[in-house]
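Below is one structure; the comments refer to it alone.
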Amino acid sequence: MAGNTIGQLFQVTTFGESHGIALGCIVDGVPPGLSLSEADIQPDLDRRKPGTSRYTTPRREDDEVQILSGVFEGKTTGTSIGMIIKNADQRSQDYGDIKDRFRPGHADFTYQQKYGIRDYRGGGRSSARETAMRVAAGAIAKKYLREHFGVEVRGFLAQIGDVAIAPQVIEQIDWQQVNSNPFFCPDPSAVEKFDELIRQLKKEGDSIGAKLTVVAENVPVGLGEPVFDRLDADLAHALMGINAVKAVEIGDGFAVVNQRGSAHRDEMTPEGFLSNHAGGILGGISSGQPIVATIALKPTSSITIPGRSVNLANEPVEVITKGRHDPCVGIRAVPIAEAMVAIVLLDHLLRHKAQNR
């Protein structure tokens with residue numbers, strides 16, 4: 001199974017399944033001398049981990065990361081950093097009914113067709129549980145970006161279903177507000193509506209989609225390798241690799257369809273840009289403006305409402321998903337999206353430095 005590694009100079013490889021013994025990753029390319037311990041990584045994992053609020057899956061995992069290699073006396077050595085997170089709260093018996101059935105909307109059918117075998121327990125490798133290791137690797141990238149380049153990578157939830165934050169809130173994000181509520185939302189009025197919507201969905205046994213935005217500030221000019229490794233192309237690749245993501249926007253994204261060139265172009269003065277419709281990337285290269293990326297996540301198919309499907313023998317069956325699941329996967333996806341953006345940015349920064357010494 002290929003496709004488990006991302007990056008060229010800053011490279012992350014993950015392994016593990018939802019109900020396996022542990023999850024793990026290997027991070028290559030971290031420069032030597034970075035102060036690093038589990039305490040630097042754990043806060044981001046705590047933001048992603050399940051069971052932290054009534055709005056997410058009740059599965060409880062401590063998600064305590066353990067660094068196995070690549071750090072000596074509190075400093076990175078420049079060698080591979082190995083990390084693991086042990087799984088503790090698996091309930092594999094919840095998935096016995098789908099051993100021979102395909103859950104509609106999930107990767108069950110495609111994994112079975114591609115590999116001829118699948119770990120049906122919690123989705124196995126296709127589960128979003130795997131993203132814990134992306135967050136761990138991303139925490140290292142965020143720390144290096146912040147300490148060595150002053151780059152800040154932060155995200156917020158912009159919409160759940162038809163409830164969206166106010167446009168004026170987006171213009172001036174209050175990051176303290178984002179970190180003060182379980183929705184990672186900068187709009188207090190939207191938080192209340194999110195709460196009502198999620199409560200109703202849990203009663204109905206249904207789920208809902210979401211939209212979230214990641215902003216990277218203080219990114220230097222010049223990152224990106226046209227034409228095939230454009231910065232926006234690599235960001236889109238990384239973000240589309242997150243479970244349940246169905247669309248990626250850079251800057252104004254799909255809204256550009258209704259814009260005119262006279263309005264969309266980011267005009268410049270000696271003092272700088274007058275707008276940022278391009279989301280901080282021009283011609284596939286960072287412009288020095290904040291990089292803005294938005295993703296849309298589908299409603300999870302893990303719901304208790306019966307659905308039609310087929311089994312291994314291609315016979316019609318009814319599927320009712322058991323187990324513990326998020327009514328909106330977009331909530332816990334905020335730190336995951338931050339991690340993927342940070343991984344791409346650090347990789348491109350290292351590539352840019354290597355090319356322009």
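Glycine is no exception: its Cβ is also placed from the backbone N, Cα and C atoms.
Pulled from Swiss-Prot:
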type	residues	note
BINDING	R48, R54	NADP(+) binding site
BINDING	R125, S126, S127, N243, A244, G283, K298, P299, T300, S301, S302, R324	FMN binding site
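Look at the Cβ of each of the binding-site residues R48, R125, K298 and count the other Cβ atoms within 10 Å; the largest number goes with R48. If you take the C-beta of S127 (FMN binding site) and look for same-chain residues 6 or more apart in sequence within under 8 angstroms, you find E17, S18, N243. In this structure the alpha carbons, written CA, of R48 (NADP(+) binding site) and S302 (FMN binding site) are 19 Å apart. With a 10 A radius on its CB, T300 (FMN binding site) counts 23 other CB atoms from all the protein chains. Classification of K298 (FMN binding site) by DSSP places it in coil, neither helical nor stranded.
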